[in-house]
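Visitor: According to TrEMBL, the feature region 'Disordered' maps to 1-124, 136-268. Annotated compositional bias 'Polar residues' per TrEMBL: 70-86, 136-170, 209-241, in sequence order. Annotated compositional bias 'Low complexity' per TrEMBL: 102-117, in sequence order. According to TrEMBL, the feature domain 'Zinc finger Sec23/Sec24-type' maps to 362-398. According to TrEMBL, the feature domain 'Sec23/Sec24 trunk' maps to 439-680. Per TrEMBL, the feature domain 'Sec23/Sec24 beta-sandwich' maps to 686-769. The domain 'Sec23/Sec24 helical' annotation in TrEMBL covers 782-881. Per TrEMBL, domain 'Gelsolin-like' is recorded for 901-973.
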Amino acid sequence: MSQQGYVAAPAYSQSQPGRGGFSAGFGPPNPSLHYGDPNSSYLAPQPGVLKSNVPFGSSAPVGPLPPGTHQFSQTNFQNGASTPGQQIHRFQGPPPSRNAEPSYPSYSHQSQPAYPSTASTSADTQLANQLNSMQITSYGPSTTPSSRVSSGNPASFQGPQLPPATQQQIALPPGLQVPPPANNANGLCAQTLPPVARYDGILGPVPPNSNMQQLSGQPPGSGYHPQQANYGPQIAGSQLSYPGAFPGGPTQLAGPQQKQLDPDSIPSPIEVIESDKAFRGGQIYATNTRGQVPPLVTTDCIIQDQGHASPRYIRCTTYCFPVSSDMAKQARIPLAAVIQPFAIVPPNEAPLHVVNHGETGPIRCNRCKAYMCPFMQFIEGGRRYQCGFCNCINDVPVFFFQHLDHTGRRLDHYERPELSLGSYEYVATLDYCRNNKPPKPPAYIFMIDVSYRNINSGLVKLVCDELKTLLDKLPREEQEESSSIQVGFVTYNKVLHFFNIKSSLAQPQMMVVSDVGEVFIPLLDGFLVNFKESRSVVINLLDQIPEMFADTNESETIFAPVIQAGMEALKAAECAGKLFIFHSSLPTAEAPGKLRNRDDKKLLNTDKEKVFSALNSYEALARNCVANGCCVNLFIFPNQYVDIASMGVVTMYTGGTLYKYNNFQLDADSPQFLSDLRKDIKKTSGFDAIMRVRTSTGFRATDFFGAICMNNTTDVEMAAVDCDKAVTVEFKHDDKLNEDNGALIQCAVLYTSISGQRRLRIHNIGLNCSSQLADVYKTCETDALINFFAKSAFKAILSQPLKMVREILVNQTAHMLACYRKNCASPSAVSQLILPDAMKVLPVYMNSLLKSWVLVGRPEIPTDERAYQRQLVTAMGVADTQLFFYPQLLPLHSLDLKSDIVPAAVRCSAERLSEGGAFLLVNGLNMFLWLGVSAPPELIQGFFNVPSLAHISTEATSLPQLDSPLSKKLKSILDHIQSQKPYTMKLMIVKQQEQPEMLFRQFLVEDKSIYGGASYMDFLCCVHKEICQLLS
Ligand SMILES: [Zn+2]
């Protein structure tokens, strides 16, 4: 695992004494007084006090595994067999100096020439003078298809066209440029919150001083007085933290300039999404060109593999890497790939081909061990090939020889997937197997907490009843008649109960293990069985379990010994597998892994805050599980704090999934839970997996983020990896790249299939390289960038104060945009905000990330909730992070009943709501149906079969099954959305102007948040200001 700290670590590691890492005249005038951090309010620390006590690079890695716990041979560590004497691995033990290489170019001396140091006041003055003419400019139409898409949609910029003619320039209404008045205690950009009328009646009762209410950071709908009392003053204070605050405010604020602001004048994510859909949706996208930017993740199209991996498997932050590390440092654009190796491919796209070379196994480069792929160049009449990754010349094995045609291409090019496709699989040989033995099919062990609460809530019976039918649907290979997966059952409270369910038994037998200090497995034969063979015994057991513990009054539970037991059982059976654990409470019983409540709000935002770090014993347990191919899926039903950070780490490290149902109520929450369980059990996964990412010369993978475990710097280990899990990989230069050769990436995942076959899944992608920064910016993908920023920041908070992590994100945003402005845009006034076309919605996403619960340290947000979201996002792919950080808001009052088309989403802001409408909001975890106070009766009738809004119960978590066309249409939309998401969302019905609306409003990410987060407009102001400072 890379020992590097957070992405921008060097900014601080190279810091000058007393300047908190910002070299003089380069960073914000006062880095401590930073934007949007609610906790910096009123503190106004002196420059130089911002110093982390946490050393950089201490990103909480844990020491190596104890000897012997990992059963892979050295060979397997390298993702497959290698030949003795030829182990020249580029990735072996990168020199320490490389590891210390800045993740990101820093605010450091090197960069200073680019941004000459000037007294920041001059920038401010300049800004103040030109505020009224501030422009947002989408940088001209460019030649790549993707940028054509976005820039070809001028509707997003509705202002007047201004010179120079080569750029699309749009003047923002003066409101945006108006700085907050210096004498305003709130220090707010008042102009972004125009009169109440703008909220179209969405506000609750208008407060006596409505303008002040809004200024003090209240979310729209601020009619909730308790909330005002709680958050008002603090939020107001937080607004002081705009870096340097806009100067010259009062004069600017006065007079007619305080116009109604047109939100359409700033870049709209919806327009970017919709124009890409219009341009590329429904079409065939062939991956035949290196460095080609794929359609957005929100665009439906048919992908044809023609030599590079489908964007379903790999998406990159940019499809053109800068040629040198100096150039990369200048731009500070993260170079990363988000790899979702088991992504689901729709039925109208080709499934992966499997290549089988029998006992010979896959063909690999002798030197770098890269697998045969389209990047290998055949020479000497086809007798040898040059490796595209390390340039080594290899002999072609005799059995693989083929003549070349006049272009130098093998005659069998299109007959062999490994020569012509970006993605394919190899059947692995024994060399690739644990202990050189063919693997057994994986096993699923169901482990049910049968303590008083779970029995009493009906959960135990619910799980048992569901399993009776669900076990028939265990995943199987296409050609298999039934699933090869073995199943086993354990129940527990303070002790463990194992069950013998051998098919020959008439009744299941229970064995109790009460020594939980050192768990042993009381039976081998009969614990793991084939469901089909033992069906009657298993059904019998599932019938009996709820009865068996019906009279329990045991309320204490264990947890770590449960996982230990599951892992030992898999180990004893010599197979990989998954544990499905159904648990409710903090494990307080006397046993290893006993937890206590360590949720101390007093430590919030202090260096002592360790709420995200797991207890060491859990981390060790997690690593042990990975070493034994044991993946842990945790379904947790908490009523209070349960230390998700500790309990969840086992799930996270083992590639498992964490499902959380707060205050579980059988009636209201069963549908969500059962749907999650069904989906999870049916998922296709790879087991006992090791992933390795190889690159062509000049750059290499340096950091990895995901539900993974690493014991060295190169091997990404996952006890299991399913279709929804993505690993984000960061790359760094270690030499110059070559524009002709490009930057090639090969991801190989060695795994055991559900039928017990050892396989290699290979994904290849080629990117371009350029010495022109403009090429790099042109091919950026904002959705992938946000995935990277979220995961790297969520990892960084383990070792760095939240505040610093947040500042780094803001600084980096400004830096990337300033570098573009300086090097790629045509000359224009400093006051113009110019955004690269491919990054024009980066600020709105970045602002949403900054407002996420994980990055906002507020006592109101439960610690477990933050730890939970942190874990979920860390494993997400690009589509999931896109939706999570920019929820979909669909107008339902304008449904076209005749077409199948889902209505286009609107921007995530209260302004887009209307009291006569109904809207669906979805972010992948939450789902709301918002109903306006004047929603037409036909609409209410159609959805709910009641005459008016007042008759609708907001307790309901699903819609009534009605025969009305409206209801059916809505149902089909919900089903469609849900089918594509890994987590089942519980529907919450929210009526305008009622209390639960507060929760709903938090998801309107373009607006100010109740936790002090800025509106999109304010954030854009802030970023623009930082850019001006960097440029001055
Ligand atoms: Zn090679």
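Just so it is clear, glycine is given a Cβ too, placed from its N, Cα and C backbone atoms.
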Visitor: Taking all residues of the domain 'Gelsolin-like' (901-973) together, what is their mean pLDDT?
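Guide: So the average pLDDT across the domain 'Gelsolin-like' (901-973) works out to 92.
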Visitor: Could you give me three numbers for the domain 'Zinc finger Sec23/Sec24-type' (362-398), the DSSP helix, strand and coil residue counts?
Guide: 4 helix, 11 strand, 22 coil
Visitor: Could you name the stretch, out of 439-680, 686-769, 782-881, with the greatest number of CB pairs under 8 A to the domain 'Gelsolin-like' (901-973)?
Guide: 439-680
Visitor: For the domain 'Gelsolin-like' (901-973), how many residues does DSSP put in helix, in strand and in coil?
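Guide: Its residues divide into 23 helix, 12 strand, 38 coil.
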